[in-house]
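Q: So Swiss-Prot has the following annotated:
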{"type": "BINDING", "residues": "GLY10, ALA11, GLY12, LYS13, GLY14, THR15, ARG123, THR132, TYR133, GLY202", "note": "ATP binding site"}
{"type": "REGION", "residues": "30-59", "note": "region 'NMP'"}
{"type": "BINDING", "residues": "THR31, ARG36, GLN57, LEU58, VAL59, GLY85, PHE86, PRO87, ARG88, GLN92, ARG156, ARG167", "note": "AMP binding site"}
{"type": "REGION", "residues": "122-159", "note": "region 'LID'"}
Amino acid sequence: MRVILLGAPGAGKGTQAKFITEKFGIPQISTGDMLRAAVKAGTPLGLELKKVMDAGQLVSDELIISLVKERIAQPDCAKGCLFDGFPRTIPQAEAMVAAGVDIDAVVEIAVDDEEIVGRMAGRRVHLASGRTYHIVYNPPKVEGKDDVTGEDLIQRDDDREETVRHRLSVYHSQTKPLVDFYQKLSAANAGKPKYSHIEGVGSVESITAKVLAALS
């Protein structure tokens, strides 16, 4: 089963991806990991990619699709895979269709922007240990201090409200149109890929149950 997870940053895709890969015994593949692996392995495609990256240029969708086709032909993808952060744009999605990369299921995890801002902007981290807190959902015993060491907690730059809102605006302009693209593709293609819209609010367990039900 080949699965694409859609959803804004902070919607909980990473958490659900873990459950999907474990349940179906499929790898999670990201373009970043694929790029690094191909360059490291020195494959013909990897050497071509290295040239582009060394020149400080953006890797074309065409090269990315070649990379995807090479990756999904590997033995660990025999039962399928979960695409992580790909496709990000309509041209990439169209290129996958044109290249004959079939997708079985597309799951959209939908969460309101304000909910996401609240989730992410409320995170606090103890840098030395990696322990994470949330000022509303999982507050430390003493405000701004790590429970174990009493050291200061920080807010990562990625979690600052203005950063989160910028990432959400990029998502809405570039990636959200994929929702419409895959809904139309599914409707025009007798339900392949199977498209599922899931509300990403509630307990992790309840969302996981809905995601797995959509894929079964």
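Backbone N, Cα and C define each Cβ position, glycine as well.
Looking at the shown structure, can you explain where the listed features end up?
A: According to its DSSP assignment, GLY14 (ATP binding site) is helical.
A mean pLDDT of 89 is what the model gives for the region 'NMP' (30-59).
In sequence order, no residues are near GLN57 (AMP binding site), counting only same-chain partners six or more apart with C-beta under 8 A.
In the region 'LID' (122-159), helix, strand and coil residues by DSSP number 3 helix, 10 strand, 25 coil.
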Q: Including all protein chains shown, what's the count of other C-beta atoms within 10 A of the C-beta of THR31 (AMP binding site)?
A: 19
Q: I need to check the long-range neighbours of the region 'NMP' (30-59): which residues 6 or more away from its ends have a CB within less than 8 Å of a CB in the stretch?
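A: Here the qualifying positions are 66-68, 70-71, 83-86.
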Q: Which of GLY10, GLY12, GLY14 (the binding-site residues) has the most other Cβ atoms within 10 Å?
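A: Within the set of binding-site residues, the most crowded position is GLY10.
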Q: Look up ARG88 (AMP binding site) in the DSSP assignment and reduce it to helix, strand or coil.
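A: Where ARG88 (AMP binding site) sits, the three-state DSSP reduction gives coil.
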Q: To the nearest Å, how far is the Cα of ARG156 (AMP binding site) from the Cα of ARG123 (ATP binding site)?
A: 8
Q: Counting only residues 6+ away in sequence within the same chain, which have a CB under 8 Å from the CB of PHE86 (AMP binding site)?
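A: Correct list: ILE4, SER30, THR31, ILE64, VAL68, GLN92.
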